[in-house]
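Swiss-Prot has this to say about the protein:
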type	residues	note
TRANSMEM	49-69	transmembrane segment
TRANSMEM	109-129	transmembrane segment
TRANSMEM	137-157	transmembrane segment
TRANSMEM	173-193	transmembrane segment
TRANSMEM	203-223	transmembrane segment
TRANSMEM	232-252	transmembrane segment
TRANSMEM	253-273	transmembrane segment
Amino acid sequence: MTFAASVVRTAEGDGFTPPGPHDFDLPAIGGGHDTFEMFGQSFVLGVTKPMLQLVLAAIVLFVFFFAAARKRAMVPSRLQFVGEGFYGFVRNSLGRDIIGHDFAKFVPYLFTLFFFILLNNAFGSIPFIEFPTFSRSGMVYGLAVLSWVIYNAAGISKHGFVGYLKLQTVPGGIRGPILALLIPLEFMSNILVRPVTLALRLFANMFAGHLLLILFALGGEYILTEMSVQYAPVGILAWLMFVAVAFLEMLIQFLQAYVFVLLNAMYISGAVADEH
C-alpha cells in the first residue's frame, strides 16, 4: 500500500477511519484473483506488489554488487570501495566475530540475507513504493524457514543427526531426572520456536512502524481538511510526528535487518559448535 493509494476518504459525517491490518492486504496486480484465509491472514492467488518487490530487490542487489566486483583493482573505484565495505561489514561483524573459525562458508548466505532484508525494509521509505515487503508475515516466514533449514543442516552435517539433536536438546553438565523436563523445553526452544520468533520479530516491527506512519499521515490530513481550524495545531503536530517516525523507521529498518542476520549467525554458531 502506498500513501497516495491508501488515503482514507470517508463519507461526509462518518468521521475518520483509522488504518488497520486490512490496509496491508494488497490486491493482486490486474485484479480479478481469488483470495483465501489461513492463520488469520488473507492470501491472494496472483502476483501482488510485495512479490514484485522481492524480485526487484534481487535484481537491484545483483546489478549493484556485480557492477562493484566486475572491474576489481588494487586501487578500488568508488563503487568497488563501497561494495567491499559492505561485504567486510557482514563478513567481519556478523560472520567471523559470531561464528568463529568455520565462518567463511556461511558468509555468502549472511551477506545476501542482510542486504536483501535491508532493501526490502527500505522500500517502506522509498517514494512511489512506500511498502515494506516484510510487513506481510508470509514473506518473513519464508526467510525464517530457509534460515531454519540452513543452520540445522549445518549442525547435522558436522555432528550427525543424533549428535546434533543431543547438542540442541541436552544441556551440558546436567544429569538426572530433571533432564526429562529440560529436554522437551530445549527441543521446543531450539528446534521449533526459533523460526517463529525470528519471523515475528521482523514482521511485527515492519508492520507496526508502517502502520504508525499511515496513522500520523492520514490523521493529520483529516484533522487539517475535515475538522475546524482550532484543531489545526493538532494536525500539524501529527505531520511533525510523521516526519519524526519516518526517520526512526529508517533506523529500525537497518536494525531489524542486522538483528535478523545476527540471530542467524548465532544459531549457526550454536549448530556447528563443539559438543558440550
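Using the three backbone atoms N, Cα and C, a Cβ is placed for every residue, glycine included.
Remember, it's a predicted structure, so these values are computed and weren't measured experimentally.
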*Tertiary contacts of the transmembrane segment (203-223) (same chain, 6+ residues out, Cβ under 8 Å)*: 1, 3, 6-8, 10, 16, 18-20, 23-24, 121, 124, 131-132, 134-137, 140, 231-232, 234-239, 241-242, 245-246, 248-249, 252-253, 256
*What stretch of 49-69, 109-129, 137-157 shows the most Cβ pairs under 8 Å to the transmembrane segment (232-252)?*
109-129
